[in-house]
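Asker: Pulled the feature table from Swiss-Prot, pasting it below:
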BINDING   Y475, G499, P500, S501, G502, S503, G504, K505, S506, T507, I508, L509, R510  ATP binding site
COMPBIAS  43-75  compositional bias 'Low complexity'
COMPBIAS  87-100  compositional bias 'Low complexity'
COMPBIAS  445-460  compositional bias 'Low complexity'
DOMAIN    125-415  domain 'ABC transmembrane type-1'
DOMAIN    466-702  domain 'ABC transporter'
TOPO_DOM  17-124  topological domain 'Mitochondrial matrix'
TOPO_DOM  194-242  topological domain 'Mitochondrial matrix'
TOPO_DOM  289-354  topological domain 'Mitochondrial matrix'
TOPO_DOM  411-750  topological domain 'Mitochondrial matrix'
TRANSIT   1-16  transit peptide
TRANSMEM  125-146  transmembrane segment
TRANSMEM  170-193  transmembrane segment
TRANSMEM  243-266  transmembrane segment
TRANSMEM  268-288  transmembrane segment
TRANSMEM  355-373  transmembrane segment
TRANSMEM  389-410  transmembrane segment
Amino acid sequence: MFIRNVKLIKPSPVRFISPIPFSFPISRSIKISSIRYFTNKSTSNFKSTSSSSSLKSTSTSTSTSTSKTTPKTLSKPPPKVKPPIQDNDTTSSGSSSSENSESFMLKSLFKTIWPKNNLNFKIRVIIALSLLVGAKILNVQVPFYFKQIIDTMNIDWTNEVGVFSTVIGSLILAYGGARFGAVLFGELRNAIFASVAQSAIRRVAYNTFVKLLNMDLQFHLSRQTGGLTRAIDRGTKGISYVLSAMVFHIIPITLEISIVCGILTYNYGASFAAMTFVTMLAYSIFTIQTTAWRTKFRRQANNADNQAANVALDSLINYESVKIFNNELYQASKYDKALMKYQQSSVKIATSLAFLNSGQNFIFTSALTAMMYMGCQGVYTGELTVGDLVLINQLVFQLSVPLNFLGSVYRELKQSLLDMENLFQLQNQPIRIKEIPNAPPLKLNNNNNNNNNNNNNNNNSLPGEIRFENVSFGYHPDRPILNNASFTIPAGQKVAIVGPSGSGKSTILRLIFRFYDINQGRILIDGQDISKVSLESLRKLIGIVPQETPLFNDTILENIRYGRLDASDEEIYRVINQVQLNKLIDDLPDGVQTIVGERGMMISGGEKQRLAMARLLLKRAPITFFDEATSALDTHTEQALLKTIRSVFKQQHQTNVSIAHRLRTIADADKIIVLNKGQVVEEGTHWQLLNEQPNSLYAQLWNIQENLDIEKELLQGDEEEEELTEKLKLDKQELEQEAKLFNSQTFEKK
């Protein structure tokens, strides 16, 4: 209505500014192509797609795994653990302040979307950027077509109705085509770049997960699992946003601001350009400074979020302990305290965001009002047309879109970089337990020919001799565990390691597995220093039943198969029978497909230990360790199970090392090594240590346990005697009552 009532004062100033590239003035003024920015819909779709497909590690350690309904067969080869995905120019290990900087993270991230020797990725990135440029070219023409439509409507076409219809129709079609083309190119760009972005997220998450698996045990003992999984989760989401922001936000914003400033300067003079420049400068300075001030609130919220996740994970993992000690309210209060810190930080984030948005809107609205006033003055004086006024309005509003995104993108970019900070810190953690370059595999003596030597008493030809030479080690420099310890575990024999608590028994297992490196000395297996062989070959040849059986939240079948991933179902059922799990499994409704629960909490401790033994037997390792492996079993089951395992080990000539507190379980060992205060104080067989050294530490431990057992048996005998006496008393009372009843009945009959 407004346009119809406008009367042109001077027809001569009417100028048709043709869209690119049809008119020289415009084609000269606009030399940078840009793309229409994300609409709210496309932005949310892209972000949600990125977020939903991000890899979450938390599911690996904290979430409930999905049950598997069908067992694997031998026809499927075991999945091979791939090494971390490498770009040829990966960053060096180690953490430093420069590596943890934002520039380092962005540089590392760029390598994931532009990897060397990956032409497919590069082609996709180039196509996506080309579509970005094409969409920007179409998008910038939309306000020019709209201006020409308005100016055309203000010309008297009374005598040229046909020409008017043709011109207006062409401009309207061009307007609609340019707008639709810009949106279409933007969506195509999103679709093509999506695989690049998601692949980059997968690469970073995978490399981080593999890095965590390769970290030493001390690292994991000093970290909380909830914080690690939350760092990976937030970091992958941050990568998704940073990639979309850098490729589709920062570059288009820069192009769009440059184009609009150039158009205003060329067509409408320096005053409009100066106003635009001052607005951009004030807007950017305000946004950057305010966002830098708000960053500390986001960091506080992240720390509180990690703390809440750790409390929740600890409470759920130790669910039984919480219930046993009736401490639900205590755990809930701890969780609520962490949530309160997160709430306080989140409120600060929200209020500071409101301040930031208000300031940004004030700056932009002030600039828009001033520019509209200048444009109306130009229309009034006849220097500008109504179409020019509309063009200025649309260009400034078109500038408002990237300006609004500039604020939100900068805020989200800073937040995403904070979220990525912990993720990249994990990637740059130094690995303490390393192999030497080109480390050879561990090769055992006579490894392939040990089944035909039943009459050979020379154990040197058997595989699996372990020798400690002057080994010293401590978890902390001020608390040594092993002090110049030297001993030999002969190949093919059953050897027991005993001693008081804290003497270093379980530490020996960790050192043989190279979970830690020793401070001095050497550990040899068949004469080979374990620090100079590959970790994979070392751990492949060693099996263990630990004190606390680690089980996955999976089926019984898959937990046993974990000992050897290529094992067939028949082999698994055979070891199930050997460890006497078949009766239990037969009584379960789902059999071997029964889910054992988080950390195996749905089965008993003894059943978990037998499952761990089945896993060990399936692995068929030539060197085996038992760390209090039967502590949760009753005496009858323990003896039957140990008899079966001894038979298997004897047939296969396996080196068997047992760590035990209950000395009766290792009395038949070929050799017993006694530790005390980190040193080997005694060695020998059970009878040698008792008879030849009656005052030995082993003899003292044995006598203490035997006396306790005797006292226990006597107590049991006393209890049984008391029960028998009570029973006799009850029987006597019952007989007396029956006699009285009989006499009374007889008297009544008489």
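Cβ atoms here come from the backbone N, Cα and C positions, even for glycine.
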Asker: What is the number of residues in the topological domain 'Mitochondrial matrix' (194-242) that are helix, strand and coil, as DSSP sees it?
Answerer: 44 helix, 0 strand, 5 coil
Asker: Please list, in sequence order, the residues in the chain of P500 (ATP binding site) that are at least six apart in sequence and whose C-beta is under 8 Å away from its C-beta.
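Answerer: N676, L701 - these are the non-local Cβ neighbours of P500 (ATP binding site), listed in sequence order.
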Asker: List the same-chain residues at least 6 positions away in sequence whose Cβ sits under 8 Å from the Cβ of G504 (ATP binding site), in sequence order, or say none.
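Answerer: When sequence neighbours closer than 6 are ignored, G504 (ATP binding site) has I481, L482, A485, L675, G678 within Cβ distance under 8 Å.
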Asker: What does the DSSP secondary structure composition of the topological domain 'Mitochondrial matrix' (289-354) look like, as residue counts for helix, strand and coil?
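Answerer: Reading the DSSP string over the topological domain 'Mitochondrial matrix' (289-354) gives 62 helix, 0 strand, 4 coil.
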Asker: Let me know the model's mean pLDDT on the topological domain 'Mitochondrial matrix' (194-242).
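Answerer: Average per-residue pLDDT within the topological domain 'Mitochondrial matrix' (194-242): 78.
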Asker: Starting from the Cβ of R510 (ATP binding site), draw a 10 Å sphere and report how many other Cβ atoms land inside it.
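Answerer: There are 15 of them.
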Asker: If you measure every Cα to Cα distance among Y475, G499, P500, S501, G502, S503, G504, K505, S506, T507, I508, L509, R510, the residues said to bind ATP, what is the biggest one in Å?
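Answerer: Among the residues the record ties to ATP, max Cα distance equals 19 Å.
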Asker: Inside 10 Å of the Cβ of G502 (ATP binding site), count up the other Cβ atoms and send me the figure.
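Answerer: I count 14 other Cβ atoms within 10 Å of it.
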Asker: Quick one: among the binding-site residues Y475, S506, which has the most Cβ atoms sitting within 10 Å of its own Cβ?
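Answerer: Per the Cβ count, the most surrounded site is S506.
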Asker: What three-state secondary structure does DSSP assign to P500 (ATP binding site)?
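Answerer: It is coil.
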